[in-house]
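Novice: Mind having a look at this structure? Questions to follow.
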Amino acid sequence: MSSPSLVELKAILRLAGPLIAAQLAYVAMVFTDTVMMGKLGPDALAAGGLGAVSYAFVSTFCVGVVAAVGNLVAIRHGCDDAAGAAAAARSGLWVGAALALAAGLLLWNLRPLLLVFGQAPQTVDGAMQFLHSLTFALPGYMAFMVLRGFTSAIDRAGPVMAISVLGALANLALNYSFIEGLFGLPRLGLAGIGLVTALVMNCMPLLLALYIRLQPAYAEYSLLRGLGRPQRAMVEEILRLGLPIGGTYAVESGMFTVATLCMGIIGDHALAAHQIAIQAVYVAFMVPVGLSYATTYRIGQHFGAGRLLEARRAGRVGIGFGALCMLLFAGLFWWMPEAIIGLFLDRDAPANREVAAMAVSLLAIAAWFELFDGTQNVAMGAIRGLKDARTTFLVGLACYWLVGVPLACLLAFAAGWGAAGVWWGLAGGLACAAIGLTLAFEWKTARLLPKATASEASALNCRAAGRGAPSARLCPGNAPVPPTAAAD
């Protein structure tokens, strides 16, 4: 690997390491909630699972929208525009609050929709009990994701990791205390699990905000000044970039929801095997998710500074390293499927043998699945670093719903492949996305490179403007930062 590429890899890994750890901490929180639901019995597990899936689908879209904040902060950081970066974070908090309110109202009143989809009334009752507590996690979750994007985009992801791990540990301790009624605490059941998650989720952004406020390294980023005056232009910019990102997250999540429904049609054993295999895939997938965020921020910094050649190099390094990591996980899925399934299920129990055997066969397909999924996710992040989310949405929509879903249904039912057919269909859609998004990144950078000289000149002008410049400033690839924002 050439020296410039090695520099980019080190920079991406410095960001990706803490972000991967933060993602795994979130997985640990979800796993803890699931285990605690299981302690309450199968009925509570079914109801809690229904509520958790509903919450995850809605919150995933919201997270996608506020993910745009990190993109914009990285671009302005590359342009040495601290005031613009702070303005993006402040506006992101307003967008996150609005999304939390809208999503909360939707989840609070979800009961009629769940009944329309044929869910058992008693299961819906339990799910709503869980959701009525969990809904209050949304404001904190959105605020944390905004602040996480802000601090990571300026190359300070360490506190995100520390607070995420602390949150996961607090979630475990409090959940266990409420479930077991320790220290005189009441046993609150599903409502208690949702309440604990909401409490932890709202404490995490407060801790991160306090850290940002007290650390001298953030002195030039004034997040409080002007927080009460949302900037319409910046809010619109976040939504222009964020809505397609949220849409991409939603259509991908929808594809996996369809896969789960297909497994339910095939049979209970197929559904159980699918859930076990998807958990293994989900844990491994946190690596490319962290790499994707890191690649987005690194490219955004180069893009903001007008360094298009370096942006392309960072994208290629990120995509290549993501594929390599997933190839290693693929090797584990090929060579050690029984051991991996054993982490989730007692394979020796007679009642589990059929499910375990089916899950092992799905992991063999998951090896290809992971390689494609990891590559497409990092490529998606690379394109977003160039402030383009529309391309990722269109490619994702086409590959997930015009290739992945039809192919899964065709192979599972028409071809008679059953559960394996569903997973090969998903792998086909993800392979299409991996190829399409990688080519889209190359096409995008090839179009931008002729403008590199002009971009560099613009970046120099941006720096020359300085903090005291009374006029609006323009960073490459950005809308102008209003003079009021610069004054903040």
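Glycine residues also receive a Cβ, built from the backbone N, Cα and C atoms like all the rest.
Heads up, here are the entries from Swiss-Prot:
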TRANSMEM  11-31  transmembrane segment
TRANSMEM  55-75  transmembrane segment
TRANSMEM  97-117  transmembrane segment
TRANSMEM  127-147  transmembrane segment
TRANSMEM  159-179  transmembrane segment
TRANSMEM  190-210  transmembrane segment
TRANSMEM  247-267  transmembrane segment
TRANSMEM  271-291  transmembrane segment
TRANSMEM  317-337  transmembrane segment
TRANSMEM  355-375  transmembrane segment
TRANSMEM  393-413  transmembrane segment
TRANSMEM  421-441  transmembrane segment
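For the listed features, I'd like the structural context: burial, neighbours, distances.
Specialist: Away from its own ends, the transmembrane segment (55-75) comes close to residues 85, 88-89, 91-92, 95-96, 99-100, 103, 106-107, 131, 134-135, 138, 141-142, 145-146, 148-150, 152-154, 237-239, 241-243, 245-250, 253-254, 257, 293, 296-301, 303-304, 384-385, 387, 389, 475-478 of its chain (Cβ-Cβ under 8 Å, at least six residues beyond either end).
For the transmembrane segment (159-179), the residues of the chain that approach it from at least six positions outside its boundaries are 17-19, 21-22, 25-26, 28-29, 32-33, 36, 39-40, 148, 151-152, 185-188, 192-193, 195-197, 199-201, 203-204, 207-208, 211-212, judged by C-beta separation under 8 angstroms.
Here the transmembrane segment (190-210) has Cβ contacts under 8 Å with residues 29, 33, 36-37, 40, 44, 47-48, 51, 126, 129-141, 143-144, 147-148, 151, 159-160, 163-164, 166-167, 170-171, 174-175, 178-179, 223 of the same chain, all six or more residues outside its ends.
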Novice: What residues elsewhere in the chain lie close to the transmembrane segment (127-147), defined as a C-beta under 8 angstroms and at least 6 residues from its ends?
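Specialist: Here the qualifying positions are 47-48, 50-52, 54-55, 59, 62-63, 66-67, 69, 89, 92-93, 95-97, 99-101, 103-104, 107-108, 110-111, 114, 119, 189-195, 197-198, 200-206, 208-209, 212.
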Novice: What else in the chain is close to the transmembrane segment (317-337), if you only count residues 6 or more beyond its ends and a Cβ gap under 8 Å?
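Specialist: For the transmembrane segment (317-337), the far contacts come to 5, 8-9, 12, 280, 284, 287-288, 291-292, 294-295, 298-299, 360, 363-364, 366-368, 370-371, 373-375, 377-379, 381-382, 438, 441.
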Novice: Which listed range (11-31, 355-375, 393-413) shows the maximal number of Cβ pairs under 8 Å with respect to the transmembrane segment (247-267)?
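Specialist: Of the candidates 11-31, 355-375, 393-413, 393-413 scores highest.
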Novice: Any residues 6+ beyond the ends of the transmembrane segment (271-291) with a Cβ under 8 Å from its own?
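Specialist: The answer is 12, 16-17, 19-24, 27, 256, 259-260, 263-264, 318, 321-322, 325-326, 329, 333, 340-341, 343-345, 355-356, 358-359, 362-363, 366, 369-370, 373-375, 377-378, 381, 419, 422-423.
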